[in-house]
Amino acid sequence: MSNNIDVVEIYTDGACSGNPGPGGWAAVLLYKGTKKEISGFEENTTNNRMELKAVIEGLKALKRPCKVNLYSDSSYVINAFKEGWLEKWQKNNWLKSDKTPVENQDLWKELLEISKNHQVNWIKVKGHADNEYNNLCDRLATEQIKRNTRQNPKE
């Protein structure tokens with residue numbers, strides 16, 4: 001890849017009300033002083049699925065191959081790349097070391113496919129701390145849950 005490759009910062013977060021339950025995801029993309037916020041909702045999901053969905057949608061929002069600094073407070077997402085879990089899972093036909101199937105294979109496979117287009121640096125951030133963009137993602141994700149469940153209270 002050339003030296004002229006764009007560098008983009010992507011912050012992501014997922015949230016779930018109950019696990020499983022209604023969930024929201026969000027990503028904030030930063031590029032040359034421009035900020036783009038994206039978020040979405042799923043009716044019945046898990047926190048880990050929302051964390052993965054946030055990363056997938058953040059990367060999908062890129063229009064061309066980029067160098068990406070991707071920030072997440074999800075150990076599940078970051079460790080899968082940093083600790084080599086994904087390579088092991090693929091080598092073992094998507095089975096964990098205890099021989100049970102890896103959860104969320106559909107999203108992991110989608111994430112692997114889309115991340116091939118980019119040079120991704122996976123960065124763990126502390127959740128609910130003082131990181132402006134991680135906190136923004138958290139607010140956007142939880143707002144999706146509130147907005148989409150307000151009409152259908154379960155109580």
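A Cβ is built for glycine as well, from the same backbone N, Cα and C atoms used for every other residue.
Among the features that Swiss-Prot reports, Mg(2+) 1 binding site is placed at Asp13, Glu51, Asp73, with the record citing sequence analysis. Annotation for Asp73 (Mg(2+) 1 binding site): spatial neighbours Asp13, Lys124, Val125, Lys126, Gly127, His128, Asn134, criterion Cβ-Cβ under 8 Å with sequence separation of six or more.
The annotation Mg(2+) 2 binding site is assigned in Swiss-Prot to Asp13, Asp138. A 10 Å cutoff on Cβ-Cβ distances gives Asp13 (Mg(2+) 1 binding site) a total of 31 other Cβ atoms nearby, all chains included. According to DSSP, Asp13 (Mg(2+) 1 binding site) is assigned to a strand segment.
The domain 'RNase H type-1' feature in Swiss-Prot is assigned to 4-146. Per DSSP, the domain 'RNase H type-1' (4-146) is made up of 55 helix, 47 strand, 41 coil.
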Between Glu51, Asp138, which of the binding-site residues has its C-beta surrounded by the fewest other C-beta atoms within 10 Å?
Asp138
How many Å separate the Cα atoms of Glu51 (Mg(2+) 1 binding site) and Asp138 (Mg(2+) 2 binding site)?
11
With an 8 Å cut-off on Cβ distance to the Asp13, Glu51, Asp73 Cβ center, who else from the chain surrounds the Mg(2+) 1 site?
Thr12, Gly14, Ala15, Met50, Ala54, Ser72, Ser74, Val77, Gly127, Asn134, Cys137, Asp138, Ala141
